[in-house]
């Protein structure tokens, strides 16, 4: 066969190199955006700050958004995984072992702002 190696077969088109792959990860959040993990499929979701609900584009689950000051932490009573719950909830079910931990004064962890302590006061130089 007398065809040259550079010849393109009839009906074929040279399209050039393929485009770079598109990342499926959401972009890093901007100061006006928040992030939450979908409660059903565990997809990382970005949402505008102040939103109360965000719908997952993958599984269509509507997720309730809680800001950091609206969330409490408690360790699971069975497997000791650290759990988050909305303030005021009487109990929380562990996503790892399904144990239901009652929320009470004996196991409430203070908010992160309290755990970190107050900022030290600036010392004024003594003259």
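Cβ from N, Cα, C; glycine included.
Remember, TrEMBL labels are computer predictions, not curated facts.
Features as listed in TrEMBL:
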REGION    1-33  region 'Disordered'
COMPBIAS  16-31  compositional bias 'Pro residues'
DOMAIN    38-62  domain 'Zinc finger LSD1-type'
DOMAIN    76-100  domain 'Zinc finger LSD1-type'
For the domain 'Zinc finger LSD1-type' (38-62), give the DSSP counts of helix residues, strand residues and coil residues.
-> 0 helix, 9 strand, 16 coil
Arithmetic mean of per-residue pLDDT over the domain 'Zinc finger LSD1-type' (76-100) | 89
Counting by DSSP, what is the helix, strand and coil composition of the domain 'Zinc finger LSD1-type' (76-100)?
-> 0 helix, 9 strand, 16 coil
